[in-house]
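Per TrEMBL, the features are:
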type     : residues               : note
ACT_SITE : C2                     : active site, for GATase activity
BINDING  : D97                    : L-glutamine binding site
BINDING  : L256, I288, S363, G364 : ATP binding site
DOMAIN   : 2-191                  : domain 'Glutamine amidotransferase type-2'
SITE     : E365                   : site 'Important for beta-aspartyl-AMP intermediate formation'
Amino acid sequence: MCGIWALFGSDDCLSVQCLSAMKIAHRGPDAFRFENVNGYTNCCFGFHRLAVVDQLFGMQPIRVKKYPYLWLCYNGEIYNHKKMQQHFEFEYQTKVDGEIILHLYDKGGIEQTVCMLDGVFAFILLDTANKKVFLGRDTYGVRPLFKAMTEDGFLAVCSEAKGLVNLKHSTTPFLKVEPFLPGHYEVLDLKPNGKVASVEMVKYHHCRDEPLHALYDNVEKLFPGFEIETVKNNLRILFDNAIKKRLMTDRRIGCLLSGGLDSSLVAATLLKQLKEAHVQYPLQTFAIGMEDSTDLLAARKVANHIGSEHHEVLFNSEEGIQVLDEVIFSLETYDITTVRASVGMYLVSKYIRKNTDSVVIFSGEGSDELTQGYIYFHKAPSPEKAEEESERLLKELYLFDVLRADRTTAAHGLELRVPFLDHRFSSYYLSLPPDMRIPKNGIEKHLLRETFEDSNLIPKDILWRPKEAFSDGITSVKNSWFRILQEYIEHQVDDAMMAVAAQKFPFNTPKTKEGYYYRQIFERHYPGRADWLTHYWMPRWINATDPSARTLAHYKAAAKA
């Protein structure tokens, strides 16, 4: 995890523009560097480093003797970099996983490069010999990337939008900043004056397709066919491998543990893998909640079962409300469910950074979208419609859950790893027949639960614990976090404000006082940037007016049972 920033064709003083790059210093607390590009006085790279791999040669932009014309700034982890090096017999100059991007690009061009990368990444690659700039982002957008480009060819790129919004350019008083789309790469021509022109934007991978790098990985051979035992066996192999490859780090590994199915499976498998790798330190797991939190109780049970060094972080409603401003500034969104869920994750990340030496943090993000874990999937009209919805959610992860997970951890200099979004695991899961993946017997994620039924990885009642939204599970059933927020906001936003909400916020007009309150905070930090969020997250197929699972009839019935 780190922060990347670059400018091409700036017509303002670079030393002034570079101040914008300091807005993302939290992403790389270990070191930072600015570097001008030889021969281009108005092109510059900025980099904030979190030293996770190769303490000595990990600074960026990465440049190696063999390719003096290539400059690379990237944020991410490439899990198959050693495998690719051995297969193609590349000569590495550093131990940095991203060096593989330079060798693959030299060997086969940009298309082959991005398709061969097994991992999460956002990168800026400059080729001064061929006068090209390339931007790329991983399939699900686990690593963030924003860009701003003007008609006259000024290009600015950054890990977070906050590093771009204050940039100056002579032709535009208001620089349009937008997220770079996941699963895409862009090719741009570099002109002699340092400005650029976009040549093409290419979608290189769909989440359903098996990735090209699967040809070269060392996962044991999967069995063909869709018999249930075959599928379960394949899923266990792929999940195990997804965790194993993510152990790549020189820093201590920890794990978020809410006590739900997903984080519990990650924590239990991770602990098993760390033991097999003879890692000397105990695995630290972290749970957060208020008193009477259902998550805290469940997480404690899992931690006792697997034997982790468990940390419980308690917070009260006042502390949660107090950090809303910081949280929305970090997130760069005003989506209601994202803000609610981010408070707990922001506070637990703050605790980890302050009180422990765990830096690489595993979590269960992506599972609900992939395995149809949201409660509203019970209402899907057909398995095919459920499949469509699952893919839509995966495509939009970068606007919601993955955005939340990245920004709340990165705000405190932590690196997040999400094994459920592993390319091999997710593409295999999506290749299964639609009717295998839907909720069964009133239980969502039935296939995933069944897969680990006989493993004794986690307690049986946790394995079959119903879905609990993170923002709900951190509080008691009696008083949900979203109700606490709404009661507080009721006194902050009056009816007169709501009456003119449509005039004040014509785009994505907030329909509730809670939505209005978050939007106000967002506009204070990022005026005129509401279009970063295309739409609010909301359940489908039901008449929902609130994104919380606790407002759904299915949840209420389960709570009474």
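Quick reminder: no glycine exception, Cβ is built from N, Cα and C everywhere.
What TrEMBL annotates, mapped onto the structure for a quick look.
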residue	record	contacts (Cβ under 8 Å, 6+ apart)
C2	active site, for GATase activity	R27, G28, F47, H48, R49, L50, Q60, N75, S159
L256	ATP binding site	S263, T285, F286, A287, M345, V348, I361, F362, S363, G364
I288	ATP binding site	D295, L296, E312, V313, L314, F315, G344, M345, L347, V348, Y351, I474
E365	site 'Important for beta-aspartyl-AMP intermediate formation'	D262, L397, D401, V402, A405, L416, V418, F420, L421
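Across the annotated binding residues for ATP (L256, I288, S363, G364), the two most widely spaced Cα atoms sit 15 Å apart. On the 0 to 100 pLDDT scale, the domain 'Glutamine amidotransferase type-2' (2-191) averages 93 in the predicted structure.
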